[in-house]
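The transmembrane segment annotation in TrEMBL covers 31-57, 64-88, 100-122, 143-164, 184-204, 243-262, 274-293. Under the heading domain 'G-protein coupled receptors family 1 profile', TrEMBL lists 46-291.
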């Protein structure tokens, strides 16, 4: 739907307006635009399913499910931000407020997503090191307070561009991600790196606790039947392989853009910005698969919803290490 300049013979168009600039013409759709729209739709859809499943199931109220719902909501907003960016690029005329809206929403969603991932790692650590008190009412209240602080902080950080921390009037102060200033993006990426390091420390603590558990099992292995000993060893091996996969995806998605945001500037090639920002946005596509859909309780609810005659719902004790 391209907008064309009205003809000079149109009696309803004043002649003194013929010298005005031509109206905005929507650019042709590109492969990047199609990928942007499809990825945003997929991210929004799968995370909407996860959030709806958790909120609609009363039995999914353990602290870890609150964290997974927060993670799904953050990634859902990231998908919405990508869709809005596509619409403002290829469907309607972009403006300053549209750039500020999409950039602010994307910053808010990515910040909340990364902090929710740190919260999931903290939940895993506490569920192993404080297994007796895990899942209590006090733990749920702490998780709710943590998520409240996470979202308040994410909203405050995301409101920075709309509150004047942008480079729309000063192009020389722009960062690799317009309209964010280089100072703003440097602080943001520096915070991302801190959260990444804290998360890695939490997973290192998880490995230490799991190693102690494995050592305790090994000392008692000669008291166990052979089949139980093999099952414990096999389960431990699968747990560590999953942990390596989660950490590899986590670091691979977040580290490139965090470093590039600190090192690059407005004169840097845009291709490098896209190459580092795509994995960060891709994290929102992989998070439901790596975290939520791997949980047995969430899978059971989804299977029951899809095949109600085949699967019957029964409450089961939640094991946080399965998440």
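First residue shown is number 1, and so on along the chain.
Every residue gets a Cβ built from N, Cα and C, even glycine.
Note that this is a predicted model, so its numbers are computed, not measured.
Just going by CB pairs under 8 A, the stretch in 100-122, 143-164, 274-293 that sits most against the transmembrane segment (31-57) is 274-293. At the 8 Å Cβ threshold, with sequence separation of at least 6, the transmembrane segment (143-164) comes into contact with the transmembrane segment (64-88) through 3 or more pairs. For the domain 'G-protein coupled receptors family 1 profile' (46-291), the model gives a mean pLDDT of 85. In this chain, the transmembrane segment (274-293) does not touch the transmembrane segment (184-204); fewer than three CB pairs sit within less than 8 A of each other, excluding pairs fewer than 6 residues apart.
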